[in-house]
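Enquirer: Below you will find the structure I want to go over with you.
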């Protein structure tokens with residue numbers, strides 16, 4: 001595997017190597033914490049696995065929290081067009097896909113998702129910082145790669161295909177989730193349709209594909225590390241989500257997996 005790296009990725013400077021390791025370890029640790037029962041406090045896991053008294057927690061609505069989480073990352077991507085206006089096609093694609101991803105998420109928060117709970121500020125802060133700093137480092141790593149020899153194997157076009165497939169699949173399953181509730185309905189239901197009949201978190205699966213697409217377009221070590229770290233977190237989150245549905249709905253099928261059809 002190691003001899004293949006120079007053929008697939010731009011050679012990273014030491015700082016990018018260090019931040020790549022930190023990214024994978026930190027996000028992987030959050031995913032492991034989910035499995036161990038210490039959850040990021042939002043959505044259906046609000047108040048689950050927390051020891052701090054409820055009255056001492058600072059919360060915002062889920063919609064407000066998600067807007068705060070995604071907006072700085074989107075602004076970082078948008079600002080990169082002004083900061084780095086004359087870069088190559090690969091850099092333009094990285095900026096465009098990254099910015100579009102978070103712009104899409106903001107639009108979904110505003111017009112698609114139907115929320116029922118809140119979000120703890122204690123969880124909101126690290127989520128926001130993770131998205132923002134990762135966007136900044138993906139863009140910075142691409143900037144530092146300008147002028148270096150291109151990787152021997154060009155993966156940006158397969159990356160575009162994966163990004164489009166991941167983004168489309170993620171949006172489609174978010175729409176299915178939104179249709180489970182009427183405007184004033186706050187109750188959780190077992191999602192149906194699409195890949196929900198096979199896995200409980202197909203929207204996570206397609207989000208992973210989208211970030212894989214960005215990492216293949218970028219072909220930098222940091223973009224790869226963010227994809228790996230995000231995957232580790234969403235693996236943990238999907239595992240406990242499936243466990244939650246099994247505990248809450250007696251008719252929930254055990255054949256429905258967490259993230260990967262027929263496998264996980």
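Residue numbers in this text run from 1 along the chain shown.
Quick reminder: no glycine exception, Cβ is built from N, Cα and C everywhere.
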Enquirer: Please identify the range among 48-66, 67-85 that TrEMBL labels transmembrane segment.
Expert: 67-85
Enquirer: Would you please say which range out of 199-219, 220-240 has the annotation transmembrane segment in TrEMBL?
Expert: 220-240
Enquirer: Per DSSP, what is the helix/strand/coil residue tally across the domain '3-oxo-5-alpha-steroid 4-dehydrogenase C-terminal' (157-263)?
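Expert: Looking at the domain '3-oxo-5-alpha-steroid 4-dehydrogenase C-terminal' (157-263) with DSSP, the answer is 71 helix, 2 strand, 34 coil.
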Enquirer: Hey, which bits of the same chain come close to the transmembrane segment (220-240), Cβ under 8 Å, at least six residues off its ends?
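Expert: Residues 9-10, 12, 16-17, 19-21, 23-28, 30-35, 37, 39-40, 45, 94, 134, 137-138, 140-142, 145, 199-201, 204, 207-208, 211-212, 214, 258-259, 264 contact the transmembrane segment (220-240) from elsewhere in the chain.
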